[in-house]
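Peer 1: Grabbed the feature section from TrEMBL, which reads as follows:
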ACT_SITE  HIS114  active site, proton donor
BINDING   GLY16, SER17, ASN18  N(1)-(5-phospho-beta-D-ribosyl)glycinamide binding site
BINDING   ARG70, ASN112  (6R)-10-formyltetrahydrofolate binding site
DOMAIN    7-193  domain 'Formyl transferase N-terminal'
SITE      ASP155  site 'Raises pKa of active site His'
Amino acid sequence: MGFTTARIAVLLSGNGSNLQAILDAISDGSLEHGRVELVVSSNNSAHGLQRARLAGIPTAVVRSRDYASREEFDAALSNVIDDHRIDLIVLAGYMSILSESFVSRYPRRIVNIHPSLIPAFAGEGFYGLKVHEAALAAGVKISGATVHYVNEVCDGGEILEQETVRIEGIDRAEDVQQRVLTHVEHVIYPRVIERLSKEIVGNRDDR
Ligand code: GRF
């Protein structure tokens, strides 16, 4: 298996429903070229950690507040990722912003999912329910999600995939969030990860 699958780390801070969708896609065989080898949380209480433990996946908690400087935090995060020989870093509800120097260590090796159609409702300050509140305030009838590479610009990396969902008639941000998660995020994220994993494995075979 080792050489035929890309080694994935999922970084999260909360519920981890996207992690679960990725694990489910691996179980049902639709994600066949990647394996989640590590889950890293930015806090001790993320429910995603429990999901990882249940699935027998190694976990780590790396909290910026435990480090004296940004550089030391970056080094700790890089160390755990490099120790597990990770090919692809998947951000799934990860609430810390990665520094420019960290991001530059892993070019085209970090992806994120954002719960809107970038460039709408994206960038600094647009996270969690705030994204969906802004969509409701703007009165949009369609929202969706975007999977993109992570670069040094917040929500600014190359777009890999987008999918829409109608939100007309929904008036609570929590309900929009749920609809975007279940109709779009949990569908497109495993699909993109499979595509990227397949590419990684293919490039490895070419050597
Ligand atoms: C998702 O809406 C994702 O787009 C955003 O954070 C949320 C994480 O949800 N980046 P979950 O923890 O995967 O359930």
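Backbone N, Cα and C define each Cβ position, glycine as well.
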Peer 1: Centre the Cβ atoms of GLY16, SER17, ASN18, go out 8 Å, and tell me which other residues of that chain have a Cβ in range of the N(1)-(5-phospho-beta-D-ribosyl)glycinamide site.
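Peer 2: Filtered neighbour residues, in order: LEU12, GLY14, ASN15, LEU19, GLN20, ALA21, GLY48, ARG51, ALA92, GLY93, LEU181, HIS186.
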Peer 1: So which of the recorded positions SER17, ARG70, ASP155 sit close to ligand 1, that is, with a CB under 6 Å from an atom of it?
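Peer 2: Close enough to ligand 1 are SER17.
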Peer 1: Out of GLY16, SER17, ASN112, HIS114, which of these recorded positions shows the lowest number of other CB atoms within 10 Å of its CB?
Peer 2: SER17
Peer 1: About how far apart, in whole Å, are the alpha carbons (Cα) of ASN18 (N(1)-(5-phospho-beta-D-ribosyl)glycinamide binding site) and the residue listed as 'active site, proton donor'?
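Peer 2: Given the Cα positions, ASN18 (N(1)-(5-phospho-beta-D-ribosyl)glycinamide binding site) is 11 Å from the residue listed as 'active site, proton donor'.
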Peer 1: When DSSP is mapped onto helix/strand/coil, what comes out for ASN112 ((6R)-10-formyltetrahydrofolate binding site)?
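Peer 2: For ASN112 ((6R)-10-formyltetrahydrofolate binding site) - judged by DSSP and reduced to three states - the answer is strand.
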Peer 1: Give the helix, strand or coil assignment DSSP yields for ASN18 (N(1)-(5-phospho-beta-D-ribosyl)glycinamide binding site).
Peer 2: helix
Peer 1: Just the number: how many Å between the Cα atoms of GLY16 (N(1)-(5-phospho-beta-D-ribosyl)glycinamide binding site) and ASN112 ((6R)-10-formyltetrahydrofolate binding site)?
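Peer 2: GLY16 (N(1)-(5-phospho-beta-D-ribosyl)glycinamide binding site) and ASN112 ((6R)-10-formyltetrahydrofolate binding site) have their Cα atoms 13 Å apart.
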Peer 1: Return only the integer: C-alpha distance in Å from SER17 (N(1)-(5-phospho-beta-D-ribosyl)glycinamide binding site) to ASP155 (site 'Raises pKa of active site His').
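Peer 2: Given the Cα positions, SER17 (N(1)-(5-phospho-beta-D-ribosyl)glycinamide binding site) is 20 Å from ASP155 (site 'Raises pKa of active site His').
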Peer 1: Measuring C-alpha to C-alpha, could you say which of the recorded positions ARG70, ASN112, HIS114 are within 10 Å of ASP155 (site 'Raises pKa of active site His')?
Peer 2: ASN112, HIS114
Peer 1: As a test of the contact definition, list every same-chain residue at least 6 positions from ARG70 ((6R)-10-formyltetrahydrofolate binding site) whose Cβ is closer than 8 Å to its Cβ.
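Peer 2: Within the chain, ARG70 ((6R)-10-formyltetrahydrofolate binding site) has Cβ neighbours under 8 Å at SER64, SER99.
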Peer 1: For ASN18 (N(1)-(5-phospho-beta-D-ribosyl)glycinamide binding site), just count the other CB atoms lying within 10 A of its CB, please.
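Peer 2: I get 24 for this one.
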